[in-house]
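Engineer: Sharing a structure below in structure tokens format, with a few things to ask.
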Amino acid sequence: MKVALLGCGTVGAEVVRLLHEHERDLTARIGAPLELVGVAVRRAGRTRDLPIDPALFTTDALGLVKRDDVDVVVEVVGGIEPARTWLLEALRGGKSVVTANKALLGEDGATLHKAAAEAGVDLYYEASVAGAIPLLRPLRDSLHGDRITRVTGIVNGTTNFILSSMDATGAGFAEALEEATALGYAEADPTADVEGFDAAAKAAILASMAFHTRVTAADVHREGITEVTAADVASAKAMGCTIKLLCIATKLDDAVSVRVHPAMIPRTHPLAGVGDAFNAVFVEAEAAGQLMFYGRGAGGAPTASAVLGDLVAVSRNRLAGTHAASESAYADLPVRPIGDALTRYHISLDVADKAGVLAAVAGVFAKHGVSIATVNQSGRGNQAVLVIVTHAAADRALAATVAELRALDIVRAVASVLRVEGE
Ligand code: NDP
Ligand code: HSE
């Protein structure tokens, strides 16, 4: 089984190492040896401490992909282009593809799936969501007899590290990000992680698979964690909650809803205990009930583990002259806007401490049809802090309520607005 590897960075180098270290086991499990025939990188002359012939390195990724003798292309470069061009060339040329590229799958998975189906080859991408955690194949295979109703996940390790650190130490966002960068969790440019782009791409992949519907990252409502303050974290603690960046994909009667945003969850929720840079995904299905998948969502070796698992599967398929079922998008459900999502809000207001304030604030909630679950007031001289938690309401109504509260004279500041999930 001849393998072309595109990329030899954090993940690719571990793929090379595992291919070498596990050579005998892999051969036995597949029924044929895996032979690495080329490794495409940006800097072919760079010294790399890897157990392969340096002559295998090339900067000509497209040339490598086009080689007639290649059976499987493994892509661990990332980004939309040129990765899409390489993978389409591979698939159209009859090669099976294994990729960890969530950005590409989240943006344009449909084009890749179509090319794979037309060529009758495999497209596997377990490593693209939640790194080492076996998640996509359970969704695609084990749960195919069931109906998934909701997927709630912590799918970004960097933001989970930052929020866990804020929760543990009381630090603000900037300080926690600095720590994450110093420890190598956050990249030099952390935008994709902290603004939720990475999680949105993964949410699109998960929702597509769970609901048999094409969802792209552009369909996903996305909010990052840059606005989460130490005061928000303290408020969450006071309520017995912690704050997590969640991806939430829900099956509605005739549509799906997919969103990524920070939210308070009760400390008793299975996702609340997921600390450090770990990932976890909570799946709810009609017959199976609640399932939890937990593990390392990033890092060279954990991600390479998922890549190797895919490589074994597609190699076995090729040897057997077969391929896995192609993309299942038959349900073709529309994606509802965030305004339709049913959510609960935790709102903290700085208000004047005088007669009629509570009634005026409550009146705004009533006007928008939002039911209040709890109100807590603490005094500060002639000012007060009102913490209001709502019952579930359409996100649109909650957003309109907050906008109107901001405009009230008696409201000095809307100190924080966070969604509450998991109850
Ligand atoms: P790195 O940046 O560490 O490595 C990228 C590799 O791609 C490098 O070897 C680089 O070459 C090569 N490369 C970049 N541009 C080109 C080009 N134009 N032509 C040929 N080679 C090129 O990335 P990671 O290993 O971290 O990530 C790889 C993929 O895995 C991405 O899709 C990422 O999203 C995904 N992923 C990563 C995880 C992680 O923890 N790192 C976790 C889950 C998924 P050179 O070595 O010469 O610079
Ligand atoms: N940047 C990602 C994270 C890598 O922090 O989870 C894994 O996809």
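From the backbone N, Cα and C atoms, a Cβ is placed for every residue, glycine too.
When I checked TrEMBL for this same protein, it listed these features:
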- Leu6, Gly7, Cys8, Gly9, Thr10, Val11, Gly12, Ala13: NADP(+) binding site (BINDING)
- Lys102: NADPH binding site (BINDING)
- Glu187: L-homoserine binding site (BINDING)
- Lys202: active site, proton donor (ACT_SITE)
- 346-422: domain 'ACT' (DOMAIN)
Engineer: Could you measure between Thr10 (NADP(+) binding site) and the residue listed as 'NADPH binding site' for me? Cα positions, answer in whole angstrom.
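Structural biologist: Between the Cα atoms of Thr10 (NADP(+) binding site) and the residue listed as 'NADPH binding site', the distance comes to 15 Å.
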Engineer: Three states by DSSP: which one describes Gly9 (NADP(+) binding site)?
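Structural biologist: Looking at the DSSP assignment, Gly9 (NADP(+) binding site) belongs to neither helix nor strand, so coil.
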Engineer: List every residue in the same chain as Gly7 (NADP(+) binding site), at least 6 positions away in sequence, whose Cβ is under 8 Å from its Cβ.
Structural biologist: Ala40, Val41, Glu75, Val76, Val77, Gly78
Engineer: So which recorded positions out of Cys8, Gly9, Val11, Gly12, Glu187, Lys202 end up within 10 angstroms of the residue listed as 'NADPH binding site', measuring C-alpha to C-alpha?
Structural biologist: Lys202
Engineer: Applying a 10 Å Cβ distance cut-off over all chains shown, what neighbour count does Ala13 (NADP(+) binding site) have?
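Structural biologist: That number is 20.
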Engineer: Please report the distance from the Cα of Cys8 (NADP(+) binding site) to the Cα of the residue listed as 'L-homoserine binding site', rounded to the nearest angstrom.
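Structural biologist: Computed Cα spacing between Cys8 (NADP(+) binding site) and the residue listed as 'L-homoserine binding site' is 17 Å.
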Engineer: Whose Cβ lies within 8 Å of the mean position of the Cβ atoms of Leu6, Gly7, Cys8, Gly9, Thr10, Val11, Gly12, Ala13, the NADP(+) site, other than those residues?
Structural biologist: Leu5, Glu14, Val15, Val41, Val76, Val77
